[in-house]
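Taken from TrEMBL, the feature transmembrane segment covers 7-32, 44-61, 73-92, 98-119, 131-156, 162-179, 214-235, 247-264, 276-298, 304-328, 340-362, 368-391. Residues annotated as domain 'Major facilitator superfamily (MFS) profile' in TrEMBL: 7-396.
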């Protein structure tokens, strides 16, 4: 009971409730496609609009927690989650659905940044790295919970395009009022020295010094590939999984996305002590291998190949992102760490947006099989090349 009354518990609860809405819709795309007569490109645009909302919040509102406190930002996020999810439930066409998904994207980005700050502040006595690990695990749990709930409700409950969104709305409301009742220390407003308040909101994207340029390119390639592969599953899996196995319905795509997110977090915890050049190389090769298995299963249609592919995708996703984040820390100096991290994340988001748009467009004109195949061949080529260079680059091999 003491743990349930603690601020750490309720901040964790609110964070999970807030990010549930992120991929909740993913297993339902197949239902939207059949009931709304959507094309693959329509679904890819819905996904990309969500990512654009998340990217916009990251760029322009990333410092909001430092200015008004993490609790207020989390509450703002939960209000946006409630509104965005409600609008998603009531959406009557693709325009209203896209608006709803943009709001959810803004909310999820605000939630991840503010909750991470809050959990670090509340994890008293914990080592900073341990607090960061707990934050990552909880974020992954919340993200994975969304498609799992959406898949279960979409498969077995009536009116899934309405009922699937009700749990998230209820939990976000509970989280909002729970945060309001927490006894937290007052927030100290952060002022950035030498920077006018009007310019403090502008995004800060910078490149590394020239001697680190190639290492930073390889680091950004890790984010681009990891975000891209997950983006394919998050947007298109309800469409291509039905062509791969006999099992039909939202549950298969929902559990697939949830497995990737849950196991990706576990992979980061399991491999965090692995030398960076080995971790990054194995992660990149795993992304190449999972795309190879996806290509194979487009013809073989085996649930066992699908399961193996999901497992390898999760480990590739987790290890590649872990290596990328660690490389940003290795390259960066105190004066440019925030800017390099922002650049890294922006390129990752772009990796999740542009390829998905391409897959949707190709699928409309020449079929989903060809679209997924082109995507997979591109990832295999880029991931193998990046892995070779990543392993041999001296910045990755040196001991930090």
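Including glycine, each Cβ sits where the backbone N, Cα and C put it.
If you look at the transmembrane segment (247-264) against the transmembrane segment (214-235), you find at least three C-beta pairs under 8 angstroms, all six or more positions apart, and that counts as contact. Taking Cβ pairs closer than 8 Å, the transmembrane segment (73-92) reaches residues 11, 14-15, 17-18, 21, 24-25, 64-65, 99-104, 106-108, 110-111, 113-115, 118, 161-162, 165-166, 168-169, 172-173, 175-176, 179-180 in its own chain, all 6 or more past its ends. With a cut-off of 8 Å on Cβ pairs spaced 6 or more residues apart, the transmembrane segment (98-119) and the transmembrane segment (340-362) reach fewer than 3 such pairs and are scored as not touching. Of the Cβ pairs linking the transmembrane segment (276-298) with the transmembrane segment (368-391) and spaced 6 or more residues apart, 3 or more are under 8 Å, so the two regions touch. Residues belonging to the domain 'Major facilitator superfamily (MFS) profile' (7-396) score a mean pLDDT of 89 in the model.
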